[in-house]
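Worksheet for the structure shown next.
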Amino acid sequence: MRKIIALCIMLCYFYTPHVQAEQSRVKNVILMIPDGFSTAYATNYRWYKGRNTVMDAFLVGMARTYSASSKVTDSAAAGTAMATGVKTTNGMISMSPDGKKLKTILEAAKEEKKATGLVVTATITHATPAVFAAHVPSRWKEEDIAPQMLQQQIDVLLGGGLAYFIPKKEGGESQTDLIDEAKKKGYTFVRNKHQLLAAQEEKVLGLFAEKDMAPELERDNTIEPSLAEMTSAALTKLSKHPQGFFLMVEGSQIDKAGHHHDAAWAMKDIEAFEDAVEKAIEFAKQDGETLVVVVGDHDTGGFSVGGYGKYEANPQLLHTVKKTGHSMMKEIERDENHAKEIIKHYTNISFSKKEVDAILRAEKEDIALNTAISKKLLLGWTSTVHTGVDVPVYAYGPGRELFRGLIQNTDVALHLAKLMGVSLQKT
């Protein structure tokens with residue numbers, strides 16, 4: 001009997017998720033962050049798309065998002081938690097509340113000779129990418145973040161933010177010519193989709209816009225690559241590295257849409273993010289040694305499925321909206337007498353003269369227009385900043401079981417470090 005009990009104890013030990021995770025050492029990690037994405041965005045997008053999403057099959061849990069200073073986090077504190085395993089004060093980039101530098105998962109991966117990459121549709125120096133590669137007390141110091149990123153010798157850097165790499169004497173925001181410095185460090189510098197796809201070198205700096213890249217709703221009017229194209233390009237280059245890689249991909253524009261209450265912008269950028277997730281999952285399935293984790297950093301805007309006292313919602317009608325509210329208002333500013341007709345042309349939604357006049361009297365006209373469009377479709381908003389709700393977690397590949405259930409955002413970094421066999425402790 002004692003032998004049977006001992007055998008049972010041994011079997012229980014070896015088949016716990018904890019031990020299985022230890023045995024599932026992963027070579028590559030793709031961390032994908034849909035900025036501002038919560039369950040309301042996921043649900044609205046599912047109705048907008050008309051079927052389940054690529055991510056739905058890999059839903060494993062939820063993550064809490066509060067920061068060290070508030071129940072409602074900002075992107076800097078949320079990103080720091082996911083990059084370092086430590087909660088910090090809103091606004092701080094990979095620094096503790098008392099101002100100490102925190103080691104990031106990207107830095108830990110580099111210590112183990114892994115290749116690294118950051119891919120975003122905001123500025124490459126924005127809060128989320130910055131937390132993996134820089135240490136500053138304020139997220140708004142993007143001109144200080146850019147040189148730190150170059151010093152990290154990250155293999156692939158793709159996004160917007162050219163202005164922070166160009167010297168002030170040439171109209172940029174940098175103290176020095178960081179493009180020239182990047183080339184001296186061995187980077188191939190690319191400015192558009194065609195140059196990115198043609199680049200053969202493994203070390204690439206791609207800056208495709210002065211500041212943020214274009215919303216997906218309007219990207220066809222540019223020569224910028226899509227998020228999926230950038231993700232594929234990064235994977236092609238990083239996968240050549242024998243020690244494996246760490247790649248962070250951010251769908252940055254979902255958050256920006258939420259701040260502006262622009263539901264159509266949000267849905268189209270979730271679609272672009274989903275395309276990138278599909279590329280990552282395809283790679284992981286073929287590779288067999290890659291873990292893909294998808295988790296939002298927070299909710300933006302307090303988006304809802306339904307609202308205004310009615311048991312209905314029509315996110316599927318957002319397909320008729322062809323421009324962001326911001327772009328529509330720019331056009332209306334040039335021809336205010338035809339505001340009603342301009343809105344109808346780009347949304348296929350009718351507004352009365354009284355409704356249009358109220359939009360034009362608003363302090364923030366684009367938010368007023370976007371909120372009015374959402375109201376017509378019975379989609380609600382509660383804030384122009386973030387909210388403190390939990391966010392969904394999706395995972396595919398070896399070690400995914402560690403992300404099951406309700407986790408803290410700090411667990412993202414801690415679990416990834418364990419699975420990759422790297423240390424987040426300062427040496």
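Yeah, the Cβs are placed from backbone N, Cα and C, and that goes for glycine too.
According to TrEMBL, the protein has these features:
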ACT_SITE  Ser75  active site, phosphoserine intermediate
BINDING   Asp35, Asp255, His259, Asp297, His298, His386  Zn(2+) binding site
BINDING   Asp35, His126, Thr128, Glu250  Mg(2+) binding site
SIGNAL    1-21  signal peptide
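Known features from TrEMBL, placed on the structure.
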residue: Asp35; record: Zn(2+) binding site; contacts (Cβ under 8 Å, 6+ apart): Ser75, Ala122, Thr128, Glu250, Gly251, Ser252, Gln253, Ile254, Asp255, Lys256, Gly296, Asp297, Thr300
residue: His126; record: Mg(2+) binding site; contacts (Cβ under 8 Å, 6+ apart): Ser75, Val120, Arg139, Glu142, Gly159, Gly161, Asp212, Ser252
residue: His259; record: Zn(2+) binding site; contacts (Cβ under 8 Å, 6+ apart): Gly36, Thr300, Gly301, Thr384, Val385
residue: His298; record: Zn(2+) binding site; contacts (Cβ under 8 Å, 6+ apart): Gly36, Ser38, Thr65, Val72, Thr73, Asp74, Ser75, Ala78, His386, Thr387, Gly388, Val391
His298 (Zn(2+) binding site), DSSP three-state class -> coil
Cβ-centroid neighbourhood (8 Å) of the Mg(2+) site, Asp35, His126, Thr128, Glu250 excluded: Ile33, Ser75, Gly79, Val120, Ala122, Ala127, Pro129, Gly251, Ser252, Asp255, Asp297
Cβ neighbour count (10 Å, all chains) around the residue listed as 'active site, phosphoserine intermediate' is 27
With every protein chain in view, what's the tally of Cβ atoms within 10 Å of the Cβ of Asp297 (Zn(2+) binding site), excluding that atom itself? 31
Validating a neighbour-count step here. Other CB atoms within 10 A of the CB of Thr128 (Mg(2+) binding site): how many? 26
His386 (Zn(2+) binding site) falls, by three-state DSSP, under strand
Quick one: of Glu250, Asp255, His386, which of the binding-site residues has the smallest count of other CB atoms within 10 A? His386
